[in-house]
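According to Swiss-Prot, the ATP binding site annotation covers Ala354, Val355, Thr356, Gly357, Ser358, Gly359, Lys360, Thr361. Among the features that Swiss-Prot reports, coiled coil is placed at 689-735. Look at Swiss-Prot and you will find 23-42, 87-112, 180-192, 217-234, 241-256, 271-288 tagged as compositional bias 'Acidic residues'. Among the features that Swiss-Prot reports, compositional bias 'Basic residues' is placed at 62-74. Residues annotated as compositional bias 'Basic and acidic residues' in Swiss-Prot: 159-168, 768-792. Annotation source Swiss-Prot lists domain 'Helicase ATP-binding' at 341-515. The domain 'Helicase C-terminal' annotation in Swiss-Prot covers 542-689. The motif 'Q motif' feature in Swiss-Prot is assigned to 310-338. Feature annotation from Swiss-Prot assigns motif 'DEAD box' to 463-466.
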Amino acid sequence: MAPNAATKKRAAARDDDFVLTLSDDENDIFENGVEEDGDNAQEDTLSSSKKRKREAAEAPKGKNKKQKQLKKSKKGESAAGAVSDDQSSEEDEAEAMDAGEDDGALDSEFEFDVGGNANTGVIEGFDGWEARNGASLADAPKNGDKKAVDIDDIISRRKAKKEAELKKKQQKEKKRREEEGEEESEGEDADSDGGMSVDFQDDELLAADGFGMGADGADESDDDVENGSNDSDDSEGKGSEDEESGDEYNDDDAASDNDSVATPVHHPDDEAASDEESEAESEVDAEEAEKRKAFFAPEEKSTAVSTFNRSFQDFNLSRPILRGLASVNFTTPTPIQQKTIPVALLGKDIVGSAVTGSGKTAAFVVPILERLLFRPRKVPTSRVAILMPTRELAVQCYNVATKLATHTDITFCQLVGGFSLREQENILKKRPDVIIATPGRFIDHMRNSPSFTVDTLEILVLDEADRMLEDGFADELNEILTTIPKSRQTMLFSATMTDSVDKLIRVGLNRPVRLMVDSKKNTSMNLTQEFVRLRPGREDKRLGYLLYLCNEIYTGRVIVFFRQKREAHRVRIVFGLLGLKAAELHGSMSQEQRIKSVENFREGKVAFLLATDLASRGLDIKGVETVINYEAPQSHEIYLHRVGRTARAGRSGRACTIAAEPDRKIVKSAVKAGKAQGAKIVSRVVDPAVADEWAAKAKGLEDEIEEVLQEEKLEKQMAQAEMQVTKGENLIKHEAEIMSRPKRTWFETERDKRAARKLGATELNGPSKKDKVKLSNKDKKRLDDARQRHEGNIGWKKGKADREAPKQGKNKGGKTKSDKKNKIKMKGKK
């Protein structure tokens with residue numbers, strides 16, 4: 001009887017204090033409309049403790065977790081201690097059954113997840129321009145940016161203003177006509193219709209099949225039909241595409257441009273240049289070869305074949321690294337990754353080269369993360385520095401590295417211009433493991449941030465190393481290399497890596513391993529290269545050709561490269577006035593504007609990205625279909641980097657270059673390299689009449705372009721004035737704090753910085769025209785005398801040496817002084 005009394009006590013306590021949770025089959029109860037009486041409810045409560053184990057075993061895991069949470073919360077409300085003890089013991093048993101502790105059997109549906117990707121979402125379309133949380137970089141807060149001037153706002157305001165003026169003018173005209181009277185106006189209209197004042201010179205009023213129409217261009221149209229130029233709307237490169245005539249730069253198609261133009265013969269410079277190139281390629285200096293043999297470590301040929309097509313798991317990487325690779329959907333390593341990762345894990349210096357879009361960033365980030373997993377954690381220390389030539393490339397590398405290190409405790413910091421110095425200093429105080437920076441901002445913090453030390457750096461990476469070794473970055477790179485420890489691992493990567501030992505030896509490499517996946521500087525095999533030739537005398541129509549291509553052929557996901565910032569900005573205004581959605585990217589923009597332009601292009605808000613060579617290196621934007629070169633670049637290496645923005649990671653793409661006579665050398669080298677590689681080379685012929693029509697449209701916008709530029713200039717001046725006012729207010733408000741800060745120092749003078757910038761511009765755009773220097777009066781007089789002598793106005797003026805020389809003229813007797821001297825000598829001998 002004792003057990004029955006205890007059971008009744010428990011039931012009474014449960015009825016008073018314990019609130020029942022809803023069962024798993026509550027929906028069935030409500031659907032059937034069955035309500036339980038009090039007695040039935042008591043019976044269910046009495047038997048609930050016996051059924052709980054069975055319900056917990058049959059219910060799904062998700063529901064069990066919710067029930068446990070509810071039971072735990074209700075358990076605290078119970079007043080009877082005995083009841084709570086029984087419930088807790090029963091819940092522990094249910095949890096043990098849920099955890100699989102009742103027996104040692106393994107679930108038949110269990111799958112071992114190597115990459116650890118079961119609970120983390122795979123990033124299907126991995127893009128290096130997304131923030132770590134998936135948000136857009138343009139939405140991230142930025143400090144220190146200047147107030148931006150939006151060209152689209154200026155153009156839209158001008159359009160709205162013109163529409164308002166036109167509407168106002170129409171209303172005035174309508175009001176004037178109403179005042180004059182409708183009958184009189186109708187009579188005037190009837191008279192004007194009755195007179196034969198139609199201008200038959202207007203082509204729009206004449207039928208296309210009328211007498212004499214099309215006679216002038218009949219031959220040209222026939223040629224165009226034969227060449228297939230009417231199929232220019234096809235994105236697969238229709239028009240006139242001739243793969244066989246690529247190396248001769250389509251000289252046989254002169255008749256398609258103008259029948260009166262004779263087919264030109266081979267240019268003599270082509271043959272001379274080709275001879276020089278062949279000699280330079282065939283004759284490798286023996287001394288340079290000996291230098292390379294002594295400088296580079298011997299290559300291991302046996303490992304190259306065995307490591308082909310292996311997976312990331314074969315590298316014996318740690319599980320957090322494999323999970324990070326799986327989260328961004330990296331499964332099979334690329335050739336450069338297969339070669340680099342094992343060597344980098346050994347701590348050796350590396351000089352690596354591969355085609356654009358082959359995964360060079362992951363090739364050096366993965367071994368760095370693997371080595372950092374085994375670092376001492378007692379004292380936080382900065383151990384890795386990755387240097388990039390541009391801000392965009394540094395931001396992109398930072399995003400890729402942070403995503404790969406999602407499942408680790410490795411910390412990162414990006415030091416690039418355009419972001420707040422104070423925020424970067426606060427991050428550097430925490431001593432992040434990896435620092436991704438541009439050289440200028442890295443040196444700034446190295447000299448002026450007391451919390452930043454480089455004495456503990458163990459790994460140095462130079463991405464786009466050939467650009468970093470050029471004259472524009474030489475001084476900054478030397479400053480960094482002489483400051484950081486010499487006992488470090490150094491890795492250099494680029495698509496166009498140099499082999500010059502004299503340049504590489506400056507970096508302080510120690511017997512580096514040379515990993516050249518593509519040593520011939522080739523393009524992607526999925527890239528189709530097109531060339532549009534401008535005949536001599538048509539260089540001023542270049543913008544017309546570009547507008548035709550962007551309106552008719554390539555209408556979306558296009559990057560257009562320019563040599564100069566001024567030209568890119570001007571074309572950006574032309575595109576806006578013609579209704580083409582475009583963004584620009586160059587060095588004169590603020591960091592906020594630059595990131596916003598890339599984000600708008602990446603998200604498809606704009607169809608065209610007008611950029612300088614700032615975006616030619618390393619920029620990885622998913623889905624770029626076409627690259628257009630407004631003019632050929634300075635060198636073949638820059639051309640490879642430009643066209644490498646498309647056809648990345650196995651995708652297809654097109655590159656179109658608008659080339660004139662001065663661009664012949666670059667086009668010839670590109671065609672030669674493409675044919676040697678087996679790439680698709682195509683010549684596209686554009687109807688000159690169509691190009692002239694677009695060029696005329698652009699020329700008609702000259703006045704409006706100047707007005708937009710003037711309005712933009714005024715807005716910039718206003719923004720500058722506002723900034724100066726704010727600066728003055730801050731100086732007054734925070735005078736003590738500002739004056740107490742130490743002055744920031746730099747290792748170069750302003751003159752040296754200007755010289756370095758000039759050298760960098762020369763590397764990209766070639767030597768500029770000779771700078772104008774004010775001549776002194778002495779130089780002016782010398783030039784005037786030379787011009788007068790050349791014109792024959794005055795004779796040659798004797799110099800001092802001519803005036804002091806003895807005269808050789810004849811005397812009165814007809815004999816010279818030398819004759820007299822010889823006669824005296826002869827008399828002495830007699």
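Note: Cβ is positioned from N, Cα and C throughout, glycine not excepted.
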Could you tell me which of these binding-site residues, Thr356, Ser358, has the fewest other Cβ atoms within 10 Å of its Cβ?
Ser358
In the same chain, which residue numbers or ranges, 6 or more beyond the ends of the motif 'DEAD box' (463-466), come under 8 angstroms Cβ to Cβ?
351, 360-361, 364, 386-389, 393, 397, 492-494, 496-498, 507, 617-618, 637
Counting only residues 6+ apart in the same chain, whose Cβ is under 8 Å from the Cβ of Lys360 (ATP binding site)?
Ile336, Gly352, Ala354, Asp463, Phe493, Ser494, Ala495
Within 10 Å of the Cβ of Ala354 (ATP binding site), how many other Cβ atoms can you find? Include all protein chains, please.
24
Summary of DSSP states over the motif 'DEAD box' (463-466), given as helix, strand and coil counts
2 helix, 1 strand, 1 coil
Across the motif 'DEAD box' (463-466), what does the pLDDT come to on average, as a whole number?
88
I'd like the Cβ neighbour count for Gly357 (ATP binding site), meaning other Cβ atoms within 10 Å of its Cβ, all protein chains included.
22
Taking all protein chains shown into account, the Cβ-based neighbour count within 10 Å for Thr361 (ATP binding site) is 23
Could you tell me which of these binding-site residues, Val355, Gly359, has the greatest number of Cβ atoms within 10 Å of its own Cβ?
Val355
